[in-house]
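Novice: Sequence annotations record features per position, and here TrEMBL assigns (6S)-5-formyl-5,6,7,8-tetrahydrofolate binding site to Arg23, Glu80, Arg125, Lys467. TrEMBL lists Asn231, Thr250, Ile252, Thr255 with the feature K(+) binding site. Sequence annotations record features per position, and here TrEMBL assigns GTP binding site to 231-236, 250-256, 275-278. Here TrEMBL flags Ser235, Thr256 as Mg(2+) binding site. Taken from TrEMBL, the feature domain 'TrmE-type G' applies to 221-389.
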Amino acid sequence: MSNKDPIVAIATAPGRGGIGVVRVSAPDLVAFIGRFFGRDLTARHAHYLPFSDANGQAIDEGIALFFKGPHSYTGEDVLELQGHGGPAVLKRIIDRCLEVAREMQMGLRHAEPGEFTQRAFLNNRLDLAQAEAVADLIDASSEAAARSAMESLSGAFSGLVNALADRVIHLRMLVEATLDFPEEEIEFLEKYQAREELQSIQDDLQHLIKQAKQGMILREGMHVVLAGQPNVGKSSLLNALAGDDVAIVTPIAGTTRDKVIQQIHIQGVPIHIVDTAGLRETDDTVESIGIARTWAEIEKANVIVHLQDARSPNDELDADITRRLPARTPVLKVFNKLDLLSEEEAAVLNRQLSETTEEAGHEATGILVSAKKETGLDALRQKLLDIAGWNPSAESPWLARERHLHALNSASEHLAMAEEHASYDDRVLDLFAEELRLAHDELCKITGQFSSDDLLGEIFSSFCIGK
Ligand code: GDP
Ligand code: ZN
């Protein structure tokens, strides 16, 4: 399999739809088009044509669009056939493409997931961060995420990274030039205010890292597990939280009946909430399996909501549960059924909660809610966002991935090392230069100027086919 093979795929979502699109990309499609249609197509014109089989019988009728490379999505010649959006008819169109290509010995094959976008990257139509944004835009589950993905796609993130990389390059040029004249080494730092410039680059990089963290929260969201004794109101709370979001709630088919995952959005941040089997001592085999699974979910959570009955805030079993929760995971203590408390009782509990901030080694915060009356839910939502580190006042105009954050952090470490080398009395300029080079490499990894085949394979294989 090569990056030059002609490829074909259905570009629209599987299933039925008004229109379905078959896309072909190859270095040269002029002869193929002549054979497929018995005529030429004008580039960038919509042609309404029959798509015919080998006997000249119409398989479908639709619009053919020809994009002559490099002015196309992939940078190669691209042909788009817009037919009717049924799986059978689209398969026949693809089969006909393969048949025509076989007669011409073109070596046309089905595209791998993301292969069209991979070609766009390889042909410099997009950089790597932009190519990732294509997948993120398709996968975006909230409007905020979609808007941010589009920002990345249009190059906002890449632009900032490139601007920083350019400043590092400039500094590198000055150092490398100085290295050729060792007697000037000492003056170099002063002459070009290199240390000040380095500090300023580091400041801007820190700002970028902050934004990238926000972008990552928006992309990844967080996994929240609702845990607690039976009947404290876990399922009711999940429903109450999902209520506002009902139009975009996507129940993910649980593998077991004892686990329900729902995705909700709080200020556009995707939150995956797992409702679990109630935790208690039991002899029932089926129930104990459910409880074992609950503990497995708790181990994987980013945040644990430990739901309790507000009428028994000092319950022994809840104290047991608290002791068993993993120490590394933030725990939010939520007391439900507030509506069943008198005003006085509620005031007492509130006072008690503000006094206990730390318990069993966890940062435990107490919130009073009523799932039934839907009170206290906004405070709970805000608390979840706080724990995620979501800070809506910070600009977060683009989505970011773990990979981006890792590269930004490594670049920052190398800049810090460079600064250290510049601070010694016997300054070691070649070490300074080397750290700058490493910082520069990290920044270039984001946009894909230096990227291994492994990384590319990993990124593009997570795309859908036809993109
Ligand atoms: P789970 O077993 O923890 O999932 O608890 P459920 O959500 O199934 O609720 C158990 C019972 O508590 C149901 O009868 C709910 O109607 C009731 N319940 C849940 N939340 C509240 C609440 O805030 N106030 C009152 N009064 N009842 C509630
Ligand atoms: Zn339940």
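Glycine is treated like the rest: Cβ placed from N, Cα and C.
Help me picture these features in the structure, burial and contacts included.
Specialist: Reduced to three states, the DSSP call for Arg23 ((6S)-5-formyl-5,6,7,8-tetrahydrofolate binding site) is strand.
Secondary structure from DSSP puts Asn231 (K(+) binding site) in coil. Sequence-distant neighbours of Asn231 (K(+) binding site) (same chain, six or more apart, CB under 8 Å from its CB) are Gly278, Asp309, listed in sequence order.
All protein chains included, Ala277 (GTP binding site) registers 24 other Cβ atoms within 10 Å of its own Cβ.
Within the same chain, residues at least 6 positions away in sequence whose Cβ sits under 8 Å from that of Ser235 (Mg(2+) binding site) are Val260, Asp275.
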Novice: Given Glu80 ((6S)-5-formyl-5,6,7,8-tetrahydrofolate binding site) and Lys234 (GTP binding site), what distance in Å do their CA atoms have, once rounded to a whole number?
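Specialist: The Cα atom of Glu80 ((6S)-5-formyl-5,6,7,8-tetrahydrofolate binding site) is 50 Å away from the Cα atom of Lys234 (GTP binding site).
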Novice: Which of the binding-site residues Arg23, Arg125, Lys467 has its Cα closest in space to the Cα of Ala277 (GTP binding site)?
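Specialist: With Cα distances computed to Ala277 (GTP binding site), the winner among Arg23, Arg125, Lys467 is Lys467.
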Novice: Going by a 10 angstroms cut-off between Cβ atoms, which of the binding-site residues Arg23, Glu80 has the sparsest surroundings?
Specialist: Glu80
Novice: Are there any residues at least 6 positions away along the chain from Arg125 ((6S)-5-formyl-5,6,7,8-tetrahydrofolate binding site) with a Cβ closer than 8 Å to its Cβ? List them or say none.
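Specialist: Pro70, Tyr73, Thr74, Gly75 - these are the non-local Cβ neighbours of Arg125 ((6S)-5-formyl-5,6,7,8-tetrahydrofolate binding site), listed in sequence order.
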Novice: When the Cβ positions of the binding-site residues Arg125, Asn231, Lys234 are compared with the atoms of ligand 2, which fall under 6 Å?
Specialist: Lys234
Novice: Relative to the mean position of the Cβ atoms of Arg23, Glu80, Arg125, Lys467, the recorded (6S)-5-formyl-5,6,7,8-tetrahydrofolate site, which additional same-chain residues have Cβ within 8 Å?
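Specialist: The answer, listed by sequence position, is Ala11, Ser25, Ser72, Tyr73, Thr74, Val78, Phe116, Thr117, Ala120, Gly466.
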